[in-house]
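Chemist: The structure under discussion is supplied below as structure tokens; questions concerning it will follow.
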Amino acid sequence: MPQKYFGTDGIRGKANVFPMTPDFAMKVGMAVGILFRSQNQSRRVVIGKDTRLSGYMLENALVSGFTAAGMEAFLLGPVPTPAVAMLCRSLRADLGVMISASHNPFYDNGIKLFGPDGFKLSDEIEEKIEQLIDTDLSKSLASCAEIGYAKRVEGDIYRYIEYAKRTLPRDVRLDNLRIVVDCANGAAYKAAPRALWELGAEVFAINDTPNGTNINHKCGSTDLASLKQKVHEVRADVGIALDGDGDRVLLVDEKAQTVDGDQLIAVIAEHWHKNGRLQSKGVVTTIMSNLGLERFLNSKGLDLVRTKVGDRYVVDAMRKKGYNVGGEASGHIVLSDFGTTGDGLVAALQILACMQEIQIPMSHLCQRFEPVPQIFKNVMIKNKNVLKKNPVKTAIEQATQRLGKKARLVIRASGTEPVIRIMGEGDEREMLDAVVTEMVDIITHHDTLSKACASLERS
């Protein structure tokens with residue numbers, strides 16, 4: 001059943017436009033606080049945020065809601081999303097909240113929720129929260145004597161830095177490595193350069209001066225141009241690109257070539273398998289991961305399990321099936337030996353440690369397989385149910401049959417935008433082009449019909 005407010009990664013939208021308004025954020029805080037207060041003892045919530053201007057507004061609104069429900073709010077300030085998950089466990093909180101829209105522009109924002117174990121909340125709990133939001137919450141708020149309070153937590157970012165460093169053996173240092181790190185003017189602008197420097201690297205930090213509106217703007221994991229330029233300029237061994245909330249990472253090698261999440265997963269999986277650390281003889285990725293990764297892993301005797309798009313689904317599959325490596329091509333890398341969610345800094349450290357151990361350039365280390373050609377198209381839509389229409393479903397089935405087993409067609413609705421995402425993948429480029437173009441035309445046509453029918457109904 002589709003959820004009313006929650007998408008694939010929490011509640012998200014444009015700041016000061018529903019649902020990212022202060023009054024709705026306060027209601028979310030009340031509903032979540034009431035639910036968790038009734039189930040747990042500590043009544044403690046930790047709240048982090050990235051560097052968006054609207055983070056202050058939403059933070060205060062959430063604090064009002066949580067304290068009205070009787071929760072104690074511990075405010076972390078700007079920290080990466082994985083730091084919230086880690087500190088939720090470390091501070092013995094009932095709940096963790098991250099105010100962020102990840103890789104989106106500054107004018108968007110979102111609310112991500114974590115349970116006391118550091119994992120994102122299940123669909124079932126999110127549904128309960130939605131039901132509470134739509135009720136009269138005033139009758140369930142705390143009494144005057146039980147109203148909660150808020151306090152700033154000092155030194156939390158240094159706890160996260162130490163946590164990230166401890167994912168490497170004590171004898172691993174990054175001496176003699178020249179590293180450029182693009183902080184995306186986001187939540188990791190302090191932690192990432194500091195951790196790399198403390199491990200011995202020569203660090204060049206760029207896009208590390210957030211001003212509230214420059215997060216993810218022509219920088220970070222969604223725009224590698226400035227990172228590639230800096231890597232070339234200072235002759236760096238590697239460039240690291242984080243996103244706005246620090247939960248995803250892409251790399252750039254010494255030749256300024258992009259290394260995506262699939263290649264990072266391949267490196268970690270192969271290295272850990274050789275060292276006996278890889279669990280369940282495989283990894284978990286999504287339907288968007290490249291077929292080349294699957295072929296590479298299979299050639300090593302390893303499995304690849306695919307899930308829906310979203311790191312929460314990757315994590316769910318990892319927990320259920322016992323895998324300890326998972327992720328997405330976009331750069332969400334989940335290593336469950338260390339954490340409960342994607343962590344860009346920790347993933348980058350594992351690659352750097354591998355590079356130091358093997359003593360080969362990044363360009364040799366991180367090109368583990370030849371990617372199969374992929375074509376991506378986004379179709380803006382008005383009717384989010386257009387994929388459920390029989391003519392569209394039939395066309396997709398027929399196109400999939402035409403492509404056969406050596407190619408893939410993935411068509412899905414975005415969980416955060418009014419967009420249908422189409423991905424065609426296979427060795428025959430001309431056929432892929434034709435099939436993807438056909439799908440764009442069919443979806444656009446039936447979405448237009450939906451709009452025409454809606455106009456007739458209104459008239």
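Even glycines carry a Cβ here, placed using N, Cα and C.
Grabbed the feature section from Swiss-Prot, which reads as follows:
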- SER102: active site, phosphoserine intermediate (ACT_SITE)
- SER102, ASP243, ASP245, ASP247: Mg(2+) binding site (BINDING)
- SER102: phosphoserine (MOD_RES)
Chemist: I want to check the contact list for ASP243 (Mg(2+) binding site): same chain, sequence separation of six or more, C-beta distance under 8 angstroms. What comes out?
Modeler: SER102, HIS103, ALA184, GLY186, ASN216, GLY220, SER221, THR222, VAL249, GLY331, GLY344
Chemist: Taking the centroid of the Cβ atoms of SER102, ASP243, ASP245, ASP247 (Mg(2+) site), which other same-chain residues have Cβ within 8 Å of it?
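Modeler: Along the chain, the qualifying residues are ASP50, PRO80, THR81, SER100, HIS103, GLY186, ALA187, LEU242, GLY244, GLY246, ARG248, GLY342, GLY344.
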Chemist: Other than its own, how many Cβ atoms are within 10 Å of the Cβ belonging to the residue listed as 'active site, phosphoserine intermediate'?
Modeler: 30
Chemist: Going along the chain, which residues six or more apart from ASP247 (Mg(2+) binding site) have their CB under 8 A from its CB?
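Modeler: Residues satisfying the criterion: PRO80, THR81, PRO82, SER102, ASP311, HIS332, THR341, GLY342, ASP343, GLY344.
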Chemist: I'd like the Cβ neighbour count for ASP245 (Mg(2+) binding site), meaning other Cβ atoms within 10 Å of its Cβ, all protein chains included.
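Modeler: A 10 Å sphere around the Cβ of ASP245 (Mg(2+) binding site) contains 36 other Cβ atoms.
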Chemist: Determine, from DSSP, whether ASP247 (Mg(2+) binding site) sits in helix, strand or coil.
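Modeler: DSSP assigns ASP247 (Mg(2+) binding site) to coil.
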